[in-house]
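As written in Swiss-Prot, here are the features:
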type     : residues : note
COMPBIAS : 1-28     : compositional bias 'Low complexity'
REGION   : 1-31     : region 'Disordered'
REGION   : 78-119   : region 'Disordered'
COMPBIAS : 87-118   : compositional bias 'Low complexity'
COMPBIAS : 140-151  : compositional bias 'Acidic residues'
REGION   : 140-186  : region 'Disordered'
COMPBIAS : 152-167  : compositional bias 'Low complexity'
ZN_FING  : 185-212  : zinc finger
């Protein structure tokens, strides 16, 4: 009788151990998923800060929040990780502004007419999607895009002109002002831009000035970042 009782106790212990192991595996999988999402969000925040899409102080707040979430996952008490940086935020902002001013001074985009921020979008969604498919992974501020020739050569040189216009060249090699396009920019209608951004509206080719192209790129970048942050909150909650 005592032997049977011992066997029952051993079986119960084995079942409990198996249940604990399964729970640990499930918890470990969820833990890794949450950590990976937080790491990805942190990297995206840093990347957007480097591209001047978010301000240094905003980056500090975002990093503080996500690092504390990582600590909570590890069972560590959240702390004010960037507390010592709060007093120096003014100096950091000043340095960043100075750098941006220097970059703008040396950029060929000084003569670009900036579109009105309240201007209604006149492009269909397909144009914006096609535009981002063509240029979404590039840094618009460096001007790494198609160079449009402004020479008025005859038809015999049209083939060489077409070839050179599709080559990607550094911004320092771009001409001061690209050849005007019929109808101008599809958004702000300007005829003056260092170079044109090309997209598709159905079968129709449309052109965007550099300023509008940059504006669309930043807008889509912020929307993407907002969606990723929303998904992180849903997982953690």
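Backbone N, Cα and C atoms are what each Cβ position is placed from, and that goes for glycine too.
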Over the span of the zinc finger (185-212), count residues by DSSP class, listing helix, strand and coil in order.
3 helix, 12 strand, 13 coil
Can you tell me the mean pLDDT for the zinc finger (185-212)?
81
